[in-house]
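Listed features, source TrEMBL:
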type	residues	note
REGION	A:50-85	region 'Disordered'
COMPBIAS	A:58-76	compositional bias 'Polar residues'
REGION	A:118-140	region 'Disordered'
DOMAIN	A:182-310	domain 'TFIID subunit TAF5 NTD2'
REGION	A:357-405	region 'Disordered'
COMPBIAS	A:357-368	compositional bias 'Acidic residues'
COMPBIAS	A:380-391	compositional bias 'Basic and acidic residues'
REPEAT	A:439-480	repeat 'WD'
REPEAT	A:512-547	repeat 'WD'
REPEAT	A:554-585	repeat 'WD'
REPEAT	A:596-637	repeat 'WD'
REPEAT	A:638-671	repeat 'WD'
REPEAT	A:680-712	repeat 'WD'
């Protein structure tokens, strides 16, 4: 085994050392005055322990006992199909690995769990089983998840029988999936005969069957490589790589360099490619055609690959056209299986707590349940009208425990409503004004920007590992006085909140030091008291905007954390990173509450659904997944992007999702139906920022190509086909109407757009670093 | 993956591996080295792939050393690539072999430490906010709407635009549409300067805007401005300058406007052939033609001359008082035509010479463009850097523009024939001017040339061979001439000027004949306008030895008008660079617009708004 692999395997050890720090962090670093997150949600804190059973009782999840300290999700993609025996095989492999790395604690837990309930393990993706439940489970949990990613992700779904060394399985056993099956010199013949066949079939079938080229090509190539036929592999690649769709170029580039069996072992992406089945959707007719051909020709080699490594989702009806196929393909794992997106998603918004300007009677509103009769419906603010009735598509109000509103939150809500009345109604004729926040002298490299919801604060994350906060209003940023000084303050006075601030510290901006690597994501809490930042150093940090100090460092990712985002109700946040999982955290827990695993590559961006019940993640594997916060399930899986996804945005009504990627396209998705509903072409470079206007009328996209573009999202949503047939089959015809939908394009001369934000009155704020070169 | 495929990637050859191994004292077998080399290549690619992720997340386009180090670090490998830098590291090729390396300058620490100019630290990172687009439109200016063409400009260009409009016009007329500007000469003048600085700005790609710029310049050249009714308004200068600018545009952006050339010629021709148009328009057309080069003059003006001459003659022959004004204008046109024609003849003669000489040796350092335009096969390319030459005056620029004509074979009319015909119009004035600069002393086409000179110009035989000196001398004389010109609104001549200018030409000229001529010209200021008027009727007939009366008819009125205008204008920009030694200071007044207008400094005053906006 090469050096690199070995080193990689050692990484989990590091975690051990982190662990000690972990436990202490939140407690120690909480500031004297306030216990950071704890005060936010006192109920949540003590309820936390009870929450678990609660969730279990009403959750429909298939997770049995292991929600307690981190739900390991079980994405449908990879879960099914593996016989039980192999799972045991896998488990043994994992145990072996753990033992070798002297992780005895985990070994014990795993053994206990595995022996007791190996059926459960067969459901969990990570093989090692999430259920380390009680006690110190946190460490084992994060550790195991890591293990599963670094090395053991592979074992579960290997399909080949593992014959001999049952007692001494190795991680490399996985690779035996590519045991020699045919004469390597015939691979080219096989492939080209299939190619000839596909090219000779009727047009309507050709497009569908052409989907086979890429996965077959990759698998055959890898097989050749695995079996040490280096030269044949090269020849094979040379001959057929040109046939692949252009959007697979990136993958081909990786493949091209990979010519040795040893290389295979270290390459996680390809490991995943082999272990997860590439999904193709083919009509029954085309499939029959293919099957007949392969059987006639006795082309077993290809047939075996199709059987073992591909998942062909057969549907009845007309074959799809080339454009239909192209719009959905491009991801690293093929298309979405139809059944994956069938789960019900409660995309509606939660009912707004009803707040009267005199704050008297809203205590029970937050927990108001659906059927509960409202007593005071009469004199509510007109703006809240849409939230009066419970949206049928909304989740139950307490599906996810949310923090109770504080007085300050209510004040803010009132402010929000007041502002809303002054909101400009946007539309194609009434485009928003754009304000550009240029970061000047940002030599160190601006990597992330966020605005508070009320646009009063602005935070920038920089590559020199600093986070800087600016006030976007004339109000300066002030720290709270020191503890000693606070003692001198008359706590009864009316302006105590004013008095606790230290005037001497007033300044336009504050720097936050603490990270040890570039800061890739920043996110303000909705109440503007906290700021999250995620960094290359593998941590997410929570900063207080009262004291401008770091409160908590959330460690768990252990690899660069690319993005983080606060829940719209505060308290929860999500992060995603290079370790290919997204994690759900609560501010007062140092361990993640959920781990969303399933992406085959880095999780590049994460966003909370407006109702806080779902989390969406975009990944380098060119897919988007929507996760249920309640049970950690992946409920939506969107493919269609041709490049890593770098921006996501929910429409304000929660029904739609927009995603932008390096391919310069914005795709629009209907969450309820699980369909792609629009494609917005025009940008020429990576789209780093997406934002819907407050009413959802306009979608703004900002890109590296120094432009902001405004799109008519209303029109895009109205144009979509939502008839039953489309919904049932998922075959969409995308109108090519990007130009009609484009309402405006606005250039900055040399400032890539890093972030976009609509103020409460629908003024568009854009931010980016002026690039003088 | 064959050779072609392989070459997509950086490769570490086996030999390098062996070499490295040897340097650490390890002997590698061939086999091991091969394997190692392959693995190294793969690992390098892998690390590069991984590092690109760091680049993308840092929202950069350029992979940095830092990114690569991070990728290495995260695969638990020692970081080996040194320290990162913000600036791109230029790779330098080594001449021998295909070796590229990053330049690593040695830094003298002692020098650095003892240096007195302590480098400033980086400015603090800050955020500045500005309203980029209001209501989705680029109307930034509070006092009015920005024209549509401006909307598409980027924000920084928009700022630039604002700076320009504020600096130049103080109002908000459309950048490209001169017509929206009033007929205020002052404004037009500034506008022309702006166009000029736009054209000169090497960082600005004008693209299709050149066309609109050209059209606005054409407007300035040809339009019978309301302001030209008042004889006190110096619209002549404006036209001259616009013509100069036109030639400059064609020179610098010839590729962009090549299609316009014939269009412009046509429109100029139309104006010229339209007798209804006022004389000032005609003047503009002539000057414009001149600016477009002698080819243009030959093709358009020359064939037109017989028809036009009748009109002009009628004007000039009218002695009525009411006609005085028009007549003065007529004189100007006459002068312009004369200059243009003279240029034409000279260039033709020159081209003949050069063609005969193999087009090489002639004029090494004379007309600034002599070298440049010959290499340049573009349809019409005035010489390089007409603006960097000492500002000899508009005429010199025109000359430069004219000189930059292509060396084509288009010569429908032979030189002698042309000369004869032109002589029939201009008479001696042409002869005199033409001979002021006979650069072709012993030129081969003497068959045609010598007789001409011998006939018309007694002094032509003078050993006037020094080409290098001749061209400037010509320009000087052209500049002088307006002093004697009898334009009605002529300002009192600065006494120093009369002395200095001929002096200069004297100094510069090595020909005795021209010396005497300049002397005589300066000694004859007493020749009144009436005297010069007489020339016209007589011009039909050879009037050989009357002296150089026509000398005074060269582009007239240049010095009249509001001198201070130009001055004032220049100060509104960055300070005018001191005019170089050649022209006396007085010239600077006369010729306020000699391409010395530096472009407006880009200032960032706008960016100093507070972060606060009413959100």
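Placed from the backbone N, Cα and C atoms, the Cβ positions cover glycine too.
As a whole-number mean, the pLDDT of the repeat 'WD' (A:680-712) in this prediction is 92.
When Cβ-Cβ distances under 8 Å to the repeat 'WD' (A:439-480) are tallied for each of A:512-547, A:554-585, A:680-712, the top count falls to A:512-547. Mapped onto DSSP helix, strand and coil, the repeat 'WD' (A:554-585) counts 0 helix, 19 strand, 13 coil.
Residues of the repeat 'WD' (A:596-637) grouped by DSSP class, helix first, strand second and coil last, total 0 helix, 24 strand, 18 coil. Taking DSSP states H, G and I as helix and E and B as strand, the repeat 'WD' (A:680-712) has 0 helix, 20 strand, 13 coil.
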